[in-house]
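Below you'll find the structure, written out as structure tokens, and then a few comments.
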């Protein structure tokens with residue numbers, strides 16, 4: 001029976017009887033994410049593309065490992081006896097205070113409202129970085145391996161969550177099981193936007209089986225600019241919600257962020273030839289006129305002013321049950 005290898009960067013299935021000391025190629029280090037760059041602590045290679053990060057070949061040989069790494073242990077909280085707790089409680093007189101009347105919730109506007117371009121604020125660091133790139137771009141041109149139509153043996157599939165490698169023409173006929181969404185890292189949790197199976201352990205996240213079937217993508221042949229995923233997260237205060245997209249050297253003249261009260265469409269062009277797209281059906285209602293975008297050399301921050309001061313349960317509004325059923329019927 002084939003077992004799944006849990007060594008970082010491997011994810012292959014293996015036969016325990018044929019397992020040898022050099023059967024597995026893996027990363028002994030840990031994943032490192034810094035300023036939109038992704039890599040392994042044991043290797044020097046860095047990339048901004050998450051699918052390229054997943055396809056970085058391991059730097060160490062060893063035996064396959066079938067033992068699943070344990071989930072992070074939560075600290076045990078010990079409580080004292082009820083008597084001791086009651087003695088520690090401060091003694092005071094009760095005063096009943098009438099709570100203020102709740103603020104009437106704003107009625108959710110129609111998603112068909114016209115979209116408005118959010119104001120772009122460009123930082124000095126981004127202006128300096130773009131000026132340097134313009135000076136150097138006229139002297140250097142790098143040829144990439146992806147420009148070639150030839151697929152080399154051992155090339156990793158570029159689909160998210162797929163760990164298969166190209167072994168010859170027969171690989172073109174294989175069914176690819178992958179994640180059609182993008183990776184999301186938020187408040188210590190890691191998951192794919194397409195299936196939302198959340199985990200706090202990075203190895204478990206990498207080992208999650210895909211939720212979509214299709215054909216392997218051995219090369220990226222996007223004409224012109226390439227649409228790529230970007231690491232992004234969000235946070236909120238009482239009056240604002242902020243989305244951070246970690247894309248370096250974004251181009252203000254080619255980028256656009258539009259929104260209405262309940263929808264947000266993000267289109268960012270960065271590093272000359274890469275594009276990031278994201279459409280968000282917002283959980284709450286925003287004030288478009290008081291919302292704006294700040295573009296720096298390392299990231300883009302979308303600051304949205306809340307129409308009412310309330311805590312958002314999530315960034316995106318969950319799909320209605322009728323919409324989910326329609327999606328399931330179309331996928332089947």
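Including glycine, each Cβ sits where the backbone N, Cα and C put it.
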Next item on the list: For the Zn(2+) 3 site that Swiss-Prot lists with 157, 162, 176, give the additional residue from the candidates 186, 216.
Entry: 216
Notebook entry, point to check: How many Å lie between the Cα of residue 24 (Zn(2+) 1 binding site) and the Cα of residue 59 (Zn(2+) 2 binding site)?
Noted result: 10
Next item on the list: Please spell out the DSSP helix, strand and coil residue counts for the region 'Interaction with PPP5C' (2-77).
Entry: 8 helix, 20 strand, 48 coil
Margin query: Among 5, 59, 176, the binding-site residues in question, whose Cβ has the most other Cβ atoms within 10 Å in this structure?
Written below: 5
Checklist line | Neighbours of 5, 10, 24, 64 excl. site residues, C-beta within 8 Å of centre, Zn(2+) 1 | finding: 6, 7, 11, 12, 14, 23, 25, 26, 62, 63, 65
Next item on the list: List the Cα distance (Å, whole number) between residue 162 (Zn(2+) 3 binding site) and residue 179 (Zn(2+) 4 binding site).
Entry: 8
